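Going by Swiss-Prot, these are the annotated features:
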- Cys102: active site, nucleophile (ACT_SITE)
- Cys199: active site, cysteine persulfide intermediate (ACT_SITE)
- Gly11, Met12, Ser13, Gly14, Gly15, Val16, Asp17, Ser18, Met37, Gly127: ATP binding site (BINDING)
- Cys102-Cys199: disulfide bond (DISULFID)
- His128: site 'Interaction with tRNA' (SITE)
- Gln344: site 'Interaction with tRNA' (SITE)
Amino acid sequence: MSNASKKVIVGMSGGVDSSVSAYLLMQQGYQVEGLFMKNWEEDDTDEYCAASDDLADAEKVCETLGIELHTINFAAEYWDNVFEYFLEEYKAGRTPNPDIMCNKEIKFKAFLEFAAEALDADYIATGHYVRRQQRDGKWEMLRGLDSNKDQSYFLYTLSHEHIAQTLFPVGELEKPEVRRIAEEQGLVTADKKDSTGICFIGERKFKDFLQQYLPAKPGPIESVEGEALGEHEGLMYHTLGQRKGLHIGGMADNSGEPWYVVDKDVERNVLIVAQGKKHPRLYSQGLIAGQLHWVSRNAPPEAFDCTVKTRYRQQDIPCRVTPLSNGDFQVQFKEPVAAVTPGQSAVFYSDDVCLGGGIIEQRITDFEVKL
């Protein structure tokens with residue numbers, strides 16, 4: 001079956017990466033159509049929401065390329081499967097990553113199903129910076145060629161079956177090349193800046209947004225020794241390793257070193273801080289990860305060595321991963337790691353291959369093997 005007989009639906013975000021993805025697939029001979037997903041019901045007067053601008057840009061790009069653009073509203077699915085999870089995690093004192101859940105529930109579930117069933121697609125495509133390869137009859141996900149833009153961290157929940165049905169055209173390119181292609185082809189998104197912030201919040205102030213949905217619960221800030229240092233406006237506004245926005249100055253040991261968030265006592269509603277970025281309470285020897293997703297869909301039966309990222313854009317950390325009897329996995333770092341944050345994801349790699357990952361359930365400060 002040649003590419004000309006295969007239909008690809010490209011998730012058009014109104015950004016340069018998806019725009020160039022559509023163009024590249026056309027060059028490869030596929031039948032290409034676009035789909036714009038509306039995932040958030042915003043107030044039309046909201047100065048921060050760019051959904052209407054993004055749709056307009058997607059329409060212009062598709063017009064330039066001469067392809068059809070479909071639109072679909074996944075706001076209900078987004079609220080039920082992504083946003084409510086996001087709120088529950090913050091209520092529990094954790095720091096979630098909704099972009100990972102959005103990829104899992106919307107882009108590679110709702111979108112994939114809609115494209116296959118309603119639009120008769122052979123593949124979907126996105127502008128993510130990842131690559132794929134087939135080995136032993138199964139598809140694997142590799143980091144994007146542009147290490148600065150690699151997005152495999154956000155896609156670890158994908159299975160080999162998802163990857164088999166998805167094309168990632170810009171994963172083989174570096175970002176400057178993507179912009180150059182967009183400019184050459186006269187695409188309106190060529191100079192559009194990359195989106196930042198959480199997918200549904202956009203550029204607005206996180207604190208203001210969260211206050212609309214979760215009541216703030218002020219409480220004390222304490223040092224690791226239990227000394228009262230001030231008051232926080234709500235545990236949900238703080239994350240481990242945070243330095244700015246504590247408003248407590250360089251007191252206590254008079255060293256003048258900044259304070260860092262090292263823990264949250266959710267039961268007492270206390271934010272715990274320590275002074276200096278080398279403070280041992282800021283560091284973890286390992287972690288316990290739950291809700292595991294393996295790209296192969298086969299959980300490793302025994303301990304193995306690999307590397308892990310505990311946040312996006314982090315250097316790979318050599319580690320030992322051990323399955324536990326309850327289905328969780330214990331991760332032991334070769335060296336201590338700062339600001340390991342419950343609610344975030346631990347993503348595992350073997351060289352360039354993304355093996356999978358899970359949610360950080362707890363940090364391990366003194367290492368004890370828990371089998």
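Cβ coordinates are placed from backbone N, Cα and C, and glycine is handled just like the others.
Nearest to Gly11 (ATP binding site) in space, judged by Cα atoms and limited to the recorded positions Cys102, His128, Gln344, is His128. The Cα atom of His128 (site 'Interaction with tRNA') lies nearest to that of Asp17, taking the recorded positions Ser13, Gly15, Asp17, Met37, Cys102 as the candidates. In this structure the C-alpha atoms belonging to Asp17 (ATP binding site) and Gln344 (site 'Interaction with tRNA') are separated by 25 Å. A sphere of 10 angstroms centred on the C-beta of Gln344 (site 'Interaction with tRNA') encloses 24 other C-beta atoms. Counting every protein chain shown, the number of other Cβ atoms lying within 10 Å of the Cβ of His128 (site 'Interaction with tRNA') is 26. Met37 (ATP binding site) counts 25 other C-beta atoms within 10 Å of its own C-beta, drawing on all protein chains shown. Taking the Cα atom of each, Gln344 (site 'Interaction with tRNA') and Gly15 (ATP binding site) are about 26 angstrom apart. Other C-beta atoms found within 10 angstroms of the C-beta of Ser13 (ATP binding site) number 23, with every protein chain shown included.
Just so you know, of the recorded positions Gly11, Gly15, Asp17, Cys102, the Cβ with the fewest other Cβ atoms around it within 10 Å is the one at Gly15. Annotation note: Ser13 (ATP binding site) sits in a coil segment as assigned by DSSP.
Separation of the C-alpha atoms of Met37 (ATP binding site) and Cys102 (active site, nucleophile): 12 Å, rounded to the nearest whole number. DSSP assigns Cys102 (active site, nucleophile) to a helical segment in the three-state reduction.
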